[in-house]
Amino acid sequence: MKITVVGAGNVGATLAQRLIEKDFGDVALVDVVEGIPQGKALDLRQSANVLGFTHKLVGSNSYDVTAGSDIIVITAGIARKPGMTRDELIGINAKIVREVVEKSLAVSPNAVFIIVTNPVDAMTYLALKVSGLPRQRVFGLSGVLDGGRLAAFITEDLGVDARDVSPCVMGEHGGSMVVYPRFTTVKGKPLSELVDEAKQKALAERTVDGGAEIVGFLKTGSAFYAPSASIAHMVNAVVADSGTRMNCAACLDGEYGLSDVVLGVPVRLGRRGIQDIIELPLNAEESAALNASAEAVRKMIAALNL
Ligand code: APR
């Protein structure tokens, strides 16, 4: 396997580290800034002797090194600054994602694309349209990360083991994301039966603000440890062709009564990308929340002027 990571910033470089340390395959790290991908790749390679990984890792400003990739992860863009919403990023990051998709697809026509750049739902839609690829091969990071945040807060609040939490966060990776307490379980029991509504609401609100809470602490830059771990989890499912179920930003075509919009939904991931989109039996209130989230993403997609 060959995995390309575009963007050698906090998320991209940490992802490259996680991938090479797991020894999934060869890794190519690309960035527009001269010296950054080369320097970080060289530094990482010098850990092989003590860590024992065997695959190759290269860093470059050219897409030549990415040729023949099986997976391309796009983290290139600018990160959210304190006080900046994901929506404000859209114009700047759309230009970057378009360029990255065109250049990387030209040399890796069979790759699966994982989009990370925010606002990720709109950027995934853009990547899908620019690439002309089937929707199975272009999807984004959302629910794995948002679910990880929810799981962390449940772990802290309820004093349970993080491994016993199965979180379910769907919709936009942004302000209108939807936490589903009925489909979030702790040791198989729905969160809606474990805590009262006020607590469910508080957990959901902290999850929606999960990224901003970290930005508020860091002041410069945004989260990258949980994001890179979440992407590595997605890459693992593709590499292993495991069919593992997780929530990702996917383009809908009738599922949940929605079409031509990218939204976080449960999917199964394998070697060729999305194997299936799983439709949960949402009640009227739960469906309304997902529809509202779809509307929020549609507004951002409209702003792309595709
Ligand atoms: N081609 C390649 N790399 C680019 C380009 C481009 N056209 N434009 C910018 N980059 C690179 C930057 O040089 C930088 O190294 O993308 C990298 C982004 O890294 P950071 O600023 O550290 O941002 P990071 O925290 O990694 O977040 C990246 O992921 O989670 C999202 O919202 C986040 O959209 C942001 C992205």
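Every residue gets a Cβ built from N, Cα and C, even glycine.
Whatever TrEMBL says is automated annotation, not expert-curated.
Given the structure is predicted, the values throughout are model-derived calculations rather than measurements.
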Which of Asn49, Asn93, Asn236 does TrEMBL put in the same NAD(+) site as Gly7, Ala8, Gly9, Asn10, Val11, Gly12, Asp31, Val116, Thr117, Asn118?
Asn93
Please state how far apart, in Å and to a whole number, the two most distant Cα atoms are among Gly7, Ala8, Gly9, Asn10, Val11, Gly12, Asp31, Asn93, Val116, Thr117, Asn118, the recorded NAD(+)-binding residues.
17
The domain 'Lactate/malate dehydrogenase C-terminal' (145-302): mean pLDDT?
97
Residue among the binding-site residues Gly7, Gly9 whose Cβ has the most other Cβ atoms within 10 Å:
Gly7
What's the number of neighbouring CB atoms sitting within 10 A of the CB on Val116 (NAD(+) binding site)?
30
